[in-house]
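Q: As annotated in Swiss-Prot:
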type	residues	note
BINDING	30-33, K51, 87-91, G415, 479-481, D495	ATP binding site
Amino acid sequence: MAAKDVLFANDARQKMLKGVNLLADAVKVTLGPKGRNVVLDKSYGAPSITKDGVSVAKAIELKDKFENMGAQMVKQVASKANDEAGDGTTTATVLAQALINEGLKAVAAGMNPMDLKRGIDKAVDSAVEKLRAMAQPCSDKESITQVGSISANSDRAIGDIIAEAMEKVGRNGVITVEEGQGLSNELSVVEGMQFDRGYLSPYFITNQDSGAVELDNPYILLVDKKVSSIRELLPVLESVAKASRSLLIIAEDIDGEALATLVVNNLRGIVRAAAVKAPGFGDNRKAMLEDIAVLTAGTVISEEIGLELEKATIEQLGSAKKVTITKDTTTIVGGAAQESAIRDRVATIEKQIENTTSSYDKEKLQQRIAKLSGGVAVIKIGAATEVEMKEKKDRVDDALHATRAAVEEGIVAGGGVALTKIASELADLKGDNDDQNVGIRVALRAMEEPLRQIAINAGDEGSVVANAVKAGDAHYGYNAATGEYGNMIEMGILDPAKVTRSALQYAASVAGLMITTEAMITDHVADTSSEI
């Protein structure tokens with residue numbers, strides 16, 4: 001077993017604190033509308049320029065292993081806040097730094113670390129309750145625009161395009177961010193259900209100009225297996241031919257004589273048909289087929305439930321107003337489903353989202369809801385250079401997560417004002433003993449730190465701004481972009497309550513662990529400098 005280095009008590013805490021401050025000092029310069037940029041070196045290609053706190057945090061790895069342990073723990077704060085709310089990473093880091101610095105001073109002065117932690121937790125729990133009570137619903141387009149703009153570092157164009165996307169696809173809709181080709185941002189909305197599977201043969205193409213298959217008012221056959229024999233398909237093909245309508249077949253795969261016969265029928269004009277592979281893999285494929293069945297009022301022909309393809313009837317086929325198939329995608333518009341059937345299916349998937357802990361599964365389930373709800377928006381980012389493109393894409397991603405968080409839990413006054421006001425309201429909060437009271441004071445002082453840092457980054461004196469804001473009414477705050485004071489809600493400076501809440505909770509969690517740390521152990525690094 002490798003030799004270990006061990007540090008105890010104050011020696012351990014000082015090393016850890018040095019790492020915390022190194023990382024936090026690099027991250028906090030990005031906070032607020034006048035936050036500075038950080039340039040990150042890459043092992044290949046051009047360096048990237050960012051104002052995204054979590055990107056800066058992830059880039060930092062320290063040489064000293066004890067210092068690095070402190071830095072990595074604060075990095076965890078930024079990552080956790082980013083995972084839950086998608087934004088607020090810099091705020092979380094600033095809060096954690098303030099809590100750890102003040103907390104360790106109190107420990108050095110002889111306070112009981114466990115009581116300090118209990119005091120911090122008590123203050124944070126009370127602050128979260130007040131934050132939830134303070135939150136206002138965010139549902140109108142202007143509020144969403146303002147939240148998006150603030151999160152994207154006061155870029156109104158980004159706020160506008162996100163609000164427009166949300167208006168078009170709804171709160172359950174999927175909004176994806178891609179790199180565009182031009183200089184300006186573009187928004188495109190895909191109506192209906194789209195999935196990433198194209199036609200199985202170019203002979204199905206009906207529109208030679210666009211190179212797409214376009215089927216009007218088609219029947220849709222859904223099969224949960226591979227189809228190779230034409231014998232299985234004949235009854236359905238004959239029924240569709242009699243009805244003089246086109247047919248889309250979605251199956252695990254179609255090949256051999258089945259595919260060849262469909263192509264021949266197409267070329268001769270007997271039955272206008274097209275075939276695509278079912279989207280997804282494994283259990284996800286079955287779920288997606290069921291979604292398409294609900295959307296088109298059809299039935300999945302599956303031997304698992306005793307349905308055979310040879311005995312399929314025309315009543316088991318789904319239908320839609322239009323289907324467009326390119327070489328890469330299939331889009332179903334105007335499925336024949338009743339609204340109530342889609343609502344029930346969406347409700348079922350929402351329950352699955354509540355019960356799953358995997359962020360990957362949640363994302364996939366959310367995409368299924370969006371496809372059923374008929375909303376997928378794509379924001380294409382325009383920029384002059386690749387470096388600018390990466391920086392802008394990071395900001396749009398942050399803004400998108402912030403607006404989702406705002407719609408979910410509401411909005412509060414931005415610019416660090418909400419936490420500063422809450423700290424003032426909790427000034428009389430008391431713990432069970434004097435050490436807990438110190439912990440409460442540490443937490444309340446730390447809650448002012450984001451506002452102070454925003455003011456410092458804007459070139460103002462943090463303490464002066466904090467005192468002025470505390471003296472004002474509920475929404476009175478400081479607009480760092482203009483240097484003016486006023487009503488933050490009216491000025492459109494808003495923060496999602498979820499972002500502020502998660503930043504505070506994760507910062508307090510890690511700070512509590514660090515304050516109560518008494519020993520640090522790491523692998524011993526042999527000194528090779530004297531070796532020849």
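Each residue's number is its place along the chain shown, starting with 1.
Every residue gets a Cβ built from N, Cα and C, even glycine.
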Q: Non-local Cβ contacts of K51 (ATP binding site) (under 8 Å, 6 or more apart, same chain)?
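A: Once residues fewer than 6 apart are set aside, K51 (ATP binding site) is near T30, G35, R36, N37, V38, N153, E391, D394, R395.
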Q: Can you tell which of G32, G88, G415 has the most other C-beta atoms within 10 Å, given these are the binding-site residues?
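A: Its Cβ has the most other Cβ atoms within 10 Å: G88.
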Q: When you tally the Cβ atoms that lie within 10 Å of each candidate's Cβ, which of the binding-site residues (T30, T90) has the highest tally?
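A: That would be T90, with the most Cβ atoms nearby.
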Q: Sorted by position, what residues of the same chain at least six away from D495 (ATP binding site) have a C-beta under 8 A from it?
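A: In sequence order, G88, V147, I150, A402, I411, V412, A413, G414, G415, A418 meet the Cβ cut-off.
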